[in-house]
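The following features are taken from TrEMBL:
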type	residues	note
BINDING	Gly175, Arg176, Gly177, Val245	NADP(+) binding site
DOMAIN	17-130	domain 'Tetrahydrofolate dehydrogenase/cyclohydrolase catalytic'
DOMAIN	149-293	domain 'Tetrahydrofolate dehydrogenase/cyclohydrolase NAD(P)-binding'
Amino acid sequence: MSAPAPAAVSVSARLLPGGPVADEVLADVGARSAVLRARGVTAGLATLLVGDDDASAGYIRIKQQRAAALGFASPHVHLPAGASQADVHRVIAGWNDDPAVHGMLVQYPIPAHLDYNAALQVMDPDKDVDGMHPVNMGRLASGMPGPLPCTPAGIEALLAFHGVVVAGREVVVVGRGATLGRPLAMLLAQKRPTADAAVTVVHTGVGDWARYARRADILIAAAGVPGIIRPEHVKPGAVVVGGGVRYEGRRILPDVLESCAEVAGAITPRVGGVGPTTVAMLLRNVVAAAERANP
Ligand SMILES: NC(=O)c1ccc[n+]([C@@H]2O[C@H](COP(=O)([O-])OP(=O)(O)OC[C@H]3O[C@@H](n4cnc5c(N)ncnc54)[C@H](OP(=O)(O)O)[C@@H]3O)[C@@H](O)[C@H]2O)c1
């Protein structure tokens, strides 16, 4: 008699990788960048890093490499960890006035003595390619065109790419943070074929948030609390998107436990899910800013 097979974790969910979504977006961005170059315009993405956080330096490198591959210019300033708020504002103001810089970003987080929101407000909103400036949040809230926050826009694109119907369905977002949960809720509730959802946002103020999570057709983790989304929070067959992550050095600790794949109908992979779409949306915002500046 042969030995019984070892118990295997049954994973039934279809995977929703972000890589192919990013490839499609970047192919479009590359073509638009080439059109601009033919007109003598090189799209420019400027990046500012304050301090010496390894992970942040790594993210900047990835963004610069992708920008270079698309033929963008990518000027970079690295300020020491002890830089003042005025130093940060001076760099941003210089880029505001530089016609070769179409988009800029301040890599987050910045050292604790600095005020990220104050720095954001110095930025020309049309060059804010993270889509985080209050003017751009206002544009999003009122349905006006402008740079969209990258991770929320990436999640909408990811769902659309993989044929996940959002319109008319119940979406529950766990987290109301300014980077992800709040703008994502606004985006997915907009009147548009790839949005148009019934969106509920839960947070620490909703003690029984699991009750809402369990009824979601599409459950989106945006909390930054490792393992907060467990299989018992997922309606069988639901779509689960892992947006929230915590970084411990270079280690990624996702909000969504991998075992959720045993209950979900479709789920983003632990690595290579939402992340690649975020960078693609950033670069799309840059080329769009360059087009706007050179009509
Ligand atoms: N994958 C990517 O490319 C990417 C890009 C950007 C951001 N992110 C990730 O997205 C996450 C969210 O970022 P953010 O800046 O928008 O959020 P944030 O400001 O850190 O806020 C987190 C949200 O989660 C809620 N929350 C925390 N613990 C909870 C709990 N135990 N139960 C219920 N709700 C809880 C908080 O509720 P309260 O409001 O009540 O405190 C808050 O609304 C982070 O993990 C970040 O790393 C990922």
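Placement of Cβ uses the backbone N, Cα and C atoms for every residue, glycine included.
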Open item on the list: At a 10 Å cut-off from the C-beta of Arg176 (NADP(+) binding site), count the other C-beta atoms across all protein chains.
Closed with: 19
TODO: Give the helix, strand or coil assignment DSSP yields for Gly177 (NADP(+) binding site).
DONE: coil
Task: Fewest other Cβ within 10 angstroms of its own Cβ, chosen from the binding-site residues Gly175, Gly177 - done: Gly177
Task: Cβ-Cβ neighbours of Val245 (NADP(+) binding site) (radius 10 Å) - done: 22
TODO: State, in Å as a whole number, the widest CA to CA span among the NADP(+)-binding residues Gly175, Arg176, Gly177, Val245 given in the record.
DONE: 14
- [ ] Summarise the domain 'Tetrahydrofolate dehydrogenase/cyclohydrolase catalytic' (17-130) by DSSP state, stating how many residues are helix, strand and coil.
- [x] 58 helix, 17 strand, 39 coil
